[in-house]
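Step one of this worksheet: look at the structure below.
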Ligand SMILES: O=C(O)Cc1cc(O)ccc1O
Ligand SMILES: [Fe+2]
């Protein structure tokens, strides 16, 4: 057998290598990458003898028989197959705060507008897995239909262990602190302002080069993220396929005694021991792989004359249901952009939505909230729960009047996870010390401006006299 040559053979603690990673570009392509020349079998997936004595292993992200346009799978060529581990055992002590099936025993429901302040960083050593907790969700990973919204706060790297989510795909939105993520397909550096999708089943490990870190995670059960159709926008715009980055093959070899795989399965965590690293894939090919995307690359479209567009115009990724146009989960952003609409109330309109809206703020402020919605904070406006700009935003917009010229909103990156399912909320989120119990007050001051005569004619008579 040829001498095993280890390429890019740095340890995970070598930071320099993480910041100079090469990536493959594209969305849902047929990717291929080999860390050693010739490690990918040519002409077939499963030769009797793979190059360099590697094992061939397929990971399927859709059923074998899914239609070709949606079929996702990759072939991994690895030093030892994933199956080489001791039996899974329930994690002790139980993690307790991850939920993947939402029912009366683990969650409750409320139509009230909810808002949370940013959560403090942990004081005791907490890695990405320890620091993950579910805020809300609906459906069931067992039934392959549903979603969960989690958040994480962590201060230490995962050590000698990898996480594997059998329940669904994670879309991770870091808000504070970079994530150095080692996956079976290679390594990714993900900074706040970027997102990463870790599809169902892939093993990954998260290191925190910046220490205390915080962020949001959307999980979808039974669906995968795809780019939205562009309709009349045309062939270009919003998130461009070429800006999605997929890792190149990277592996580590040798013995890793006591390496632990932590598997999330039905919302519960199980651990299995093995004596080697799962990051032992020397080459891979296929269209099922982790990827990242820099939100500053997004090309926003919007009104250029009147009125406020629905936020769907800023959809980065969507995880569809079987109903056309109805998302299990849309990931929508509110990026820096020009506001130019004439004689228009430019902030988000007041509204009630049959979809449920969870929002987070990565940086800066959010155009609908003058106060109280802070980077690292979050809000939930469930199905048909009324919401919209707070009193200060409304009054300031009206005061600016019709003469407002083109204006660029800068220093902002808010996002929304929007789902057709109605979320139930976990008790620790409802009882959290970071819950903003006075949230409703941001709208209470909205006064009646009703006037019997047309306001353009300068009428000052309010009907209900509340000012
Ligand atoms: O509620 C929100 O702040 C999100 C949102 C923004 C927007 O511009 C229009 C509708 C909408 O739900
Ligand atoms: Fe909304």
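A Cβ is built for glycine as well, from the same backbone N, Cα and C atoms used for every other residue.
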Candidates 343, 387, the one TrEMBL lists with 351, 357 as binding Fe cation:
387
Could you check which of the recorded positions 308, 357, 366 have their CB within less than 6 A of ligand 2?
357
Going by DSSP, is residue 308 (active site, proton acceptor) part of a helix, a strand, or coil?
coil
Would you count the other CB atoms within 10 A of the CB of residue 357 (Fe cation binding site), including those on all shown protein chains?
21
List the same-chain residues at least 6 positions away in sequence whose Cβ sits under 8 Å from the Cβ of residue 366 (homogentisate binding site), in sequence order, or say none.
334, 359, 373, 412, 414
Just to be sure I understand the packing, how many Cβ atoms besides its own are within 10 Å of the Cβ of residue 387 (Fe cation binding site)?
22
